[in-house]
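Undergrad: Following this message is one structure expressed as structure tokens.
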Amino acid sequence: MRTRNKLLHCALALAIGTALSGPFTANAMDASDAPDLITIDSLTNLYGPVEFDHAMHADLADCALCHHHTTGIPAQDPNCLRCHATSGEADTVACADCHTADRFNKDYLESLDDPMLYHVDKPGLKGAYHINCIGCHVEVGAPSGCQDCHVMNDSGQQMFKTGDYAPDPQDHNNGGH
Amino acid sequence: MKKTVSRRAFLKGGLAGTVAATTLLNSKSSEAAGSFEGYPEGMGVLVDLTRCVGCRSCEAACNLEQGLPEPAKPFDDYSVFDEIKHGEKRRTDETRYTVVNSYDVPGMEHPLFRKVQCNHCQEPACLTSCFVNAYTKTPEGAVIYNSKVCVGCRTCMVACPFYIPTFKYSSAFDPKIMKCIFCYDTRLKDGLPPACVEACPQEALTFGKRSDMIEAGRQRIKMNPDKYVDHIYGEHEVGGTAWMYLSSAPFDKVGFDTHVPKEPILNSVKDFLSIVPMVLTIWPGLFVGFHLLATRKDAAKKIEEEKKEVKS
Amino acid sequence: MKIFSKQRPEIPIADHVRPDGTAWSLKEKLFLGLTPGEYMQQFFRNPVNWLMIAVFAVGVPLLLQRYIYGLGAVTHGSNDYPWGLFLGFGLFGMVPLSASGFMLGTTVELFGRKDFKPIERLALLNGLLGYFFAVLFLEVDLGMPWRLPYPMFVSLGPAAVLFLVAWHVATYLSVQVAEVLPAFFEWIGWLKGKRAIRKYVLALTVAGIILSTLHQGALGALFTYAPSKLHPLWLSVNFQWIHFFCSSIFAGLSMVIVASTLINRFASWRCDDNFKNNLDYITIGLGKGCSYALITYLVIKIVAVAHDQEWAYLLTGWGSYFILEMVLAVIIPMFLFAIGCRNKQVGMIRFAALLAVLGIVWNRLNTALFCFNWQIYQEVPHWKEVWITFTIFALYFLTYRFIVYRLPIVYTWKGEK
């Protein structure tokens, strides 16, 4: 069932892509090129890794919904088109290749001073994941609580003062300070 | 570059004269007498209410980074959004430098969340009202506080239009002002973002140069005119703040005071400060003159008597 | 004391020597010429003292609690209302009530109105004690009371209004000590000191006017730091300092009327004929001053409302409260003063003075507490905060009475001067 669906879906995407954008989509990517399951472990200091079912998500949505213009479909955003109307296909497809994990480090912030650069407000990796995922999850009614996707580990519980580290309600029975 | 005497330097000069302490101008305080529009390279944070999901990660990160006391409830307990005291939602206090509050906005499906912390004003009211110079606006943009010179008069709390400085009332021997310092000591001075920004999963908090944050805010509004209210709260409020906000609901519906002046708080104190040198210079002559006028009959009598004495 | 002073011709003490020529010792002067036994006897006969004992019995432990466990133990420890009764009443209320010192100093020494001389010392003492206890209230309220000299000597913030208040109150306090010292020197009999100060009276008086204008005004200007917190009817960014200064004039004069009335009524044994016989005349003179100050104050209050275009606020609930304050605390005393002066009804003037004193305290509490944070919630002070405020005020009363009973304030020293 799944394979047939996927095939159908990709064929459809290809067809639409071809119709919409002519020559640039000649070697557009397809969801089957990606692994079915992706482990996202960039927040392991506080949470267990997230097993992201890429295949399932690819079934539900257009690649471009998450991947913007990196899967062969050209940029749609009028802001991007100002420069990238005739740009070729992106070299990479992984989120982390564009969305830096260390969004606010000094060097990166200084690199934004380049007057030729318009990507000054591009979210970092964590922001990109969450804005994309939660935005859609809330819209379609999919789970959107923090621990629906990632389970807090011990140091997470320590930071959030929860679970094993939860405050004793006896100490705070006057309702806070 | 044209150099002009900044207003703060001028006011300082005027007041310092009141105690005839010329040495004051050479004191450390005059270092702060730079441009009162804030440091050009100062950092800022753009808070985008449309992105915040109310996860309270920033509160947890702040508590850990600043070594604050254990909270009454875990940071993943969302019942705190219903806490009401004196008819008001949660506020910062000596145990928490930042809080997130939830606002139900009519016509919106989901609540909006607003994070509260020190806004790190360009020309801070706490700083200008402090008579022991306990506050400093650092070139990095943080408003920091020195508890070693504070006497605990709490004028800064009265002056802050955002109700940010809080007092450690629980201590008799080591009370002090407790407020967000932009993680200055541990992070900002090394060019790192504050702990809350780093913890935010949604990048609802964007850290960068204040001037870049204003640009980013304008761009977001321009790209999504239907999504945002066309205003960056903090760009001009009380003369500008380092922390600024974007919202999809009118700002007064999500807990912001939209009646704060658009200029620094110090400007409303100026009227009084400008009369000080006048009183000091005019009063002595004026009242001695009154005295001579009022007692001129006595004086005339005395002169007549003296004349008589000379004659005889 | 009334009984003793009737029985013994040498009491009350007004000279260094008894009628028989023997000198009073300092201890005898302190005990008002009574034996310690007699002194205690009259002390416990007075119901006011029992009230004081009751106030202190609760108040002193509360004060200890404040200094051991912090301000949070005796107040609500509010971050929204950083200033409570200690400053709202103790500083913002006591300081205008103590403007009497510079007012009568100016009248007598500067304008040469020697007819007000019999009350000058009372006015100076009233000023000194008011300021001293305002500082004491501040010491209860400050988070770190042991750092009181910091703004002067350790870390200076000269661009702040409070810096001005601190320096001017401190300097003015010293000026007032100097102004009251001659009475003390007469009493202990050190005339050299008195003569030394006498030389500087004019300079001290002018310094008093300058410092008073500025710090009375500065206390008002402190609230201009909170333009978005204090209700616009109680805050005029442009005129706040002059509102506070102008109202301190009638506040100080009224306080002297109230104090002199109480002293004349309850300590008449201590007053000499010069004081008693002139008091009605002086009261009328002071009342006249009050009514002029009140009409000026009323006009500038209205000017401020007009200047800031705040007429619409008058129609709200806050507006009604504002009008109530204006009527009870300004307009009624103003007319009572005017009518009393015109018809020489001293009783009416005294009542007007009482109204004005209460009115000014009410105004300062409105400014500092009740109309502060008008857009959020109103804070009711903790009962312990109220009690401590009464305790310090009781201490003020006792000190006041202690000095008036002894030093030549309301009587003229008969010995060497």
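Cβ atoms are placed via backbone N, Cα and C, with glycine included.
Quick caveat, the model's predicted, so the values are computed rather than measured.
Straight from TrEMBL, here's the annotation block:
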type	residues	note
BINDING	A:H54	heme c 3 binding site
BINDING	A:H57, A:C63, A:C66, A:H67, A:H68, A:C83, A:C146, A:C149, A:H150	heme c 1 binding site
BINDING	A:C133, A:C136, A:H137	heme c 4 binding site
SIGNAL	A:1-28	signal peptide
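Tell me what's around each of these sites.
TA: For the recorded site, A:H54 (heme c 3 binding site), the DSSP three-state label reads helix.
Here A:H150 (heme c 1 binding site) comes close to A:L43, A:Y47, A:G48, A:P49, A:V50: these same-chain residues lie at least six apart in sequence, with C-beta atoms under 8 angstroms from its C-beta.
For the recorded site, A:C136 (heme c 4 binding site), the DSSP three-state label reads helix. Spatially close to A:C136 (heme c 4 binding site) yet at least six residues away along the chain are A:A61, A:L65, A:A142, judged by Cβ distances under 8 angstroms.
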Undergrad: Taking only the Cα atoms, work out how far A:C133 (heme c 4 binding site) lies from A:H54 (heme c 3 binding site), in Å, as a whole number.
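TA: Distance between the two Cα atoms comes out at 12 Å.
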Undergrad: Return the binding-site residues from the list A:C66, A:C133, A:C136, A:C146 for which some CB of chain B is under 8 Å from the residue's own CB; sequence order; 'none' if the set is empty.
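TA: Going by the Cβ criterion (under 8 Å to chain B), the qualifying binding-site residues are A:C146.
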Undergrad: When the number of other CB atoms within 10 A of each residue's CB is tallied over all shown chains, which of the binding-site residues A:H54, A:H57, A:H68, A:H137 has the maximum?
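TA: Highest number of other Cβ atoms within 10 Å: A:H68.
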Undergrad: For A:C66 (heme c 1 binding site), which DSSP three-state class applies?
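TA: SS state of A:C66 (heme c 1 binding site) = helix.
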Undergrad: Within 10 angstroms of the C-beta of A:C66 (heme c 1 binding site), what count of other C-beta atoms is obtained when all protein chains are considered?
TA: 18
Undergrad: Listed heme c 1-binding residues A:H57, A:C63, A:C66, A:H67, A:H68, A:C83, A:C146, A:C149, A:H150 - what's their greatest C-alpha to C-alpha distance in Å?
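TA: The span, Cα to Cα at its widest, is 38 Å.
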Undergrad: Between A:C66 (heme c 1 binding site) and A:H54 (heme c 3 binding site), find the distance joining the two CA atoms and give it rounded to the nearest Å.
TA: 11
Undergrad: With an 8 Å cut-off on Cβ-Cβ distance and a minimum sequence separation of at least 6, pull the same-chain contacts of A:C146 (heme c 1 binding site), or say none.
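TA: Long-range Cβ contacts: A:M152.
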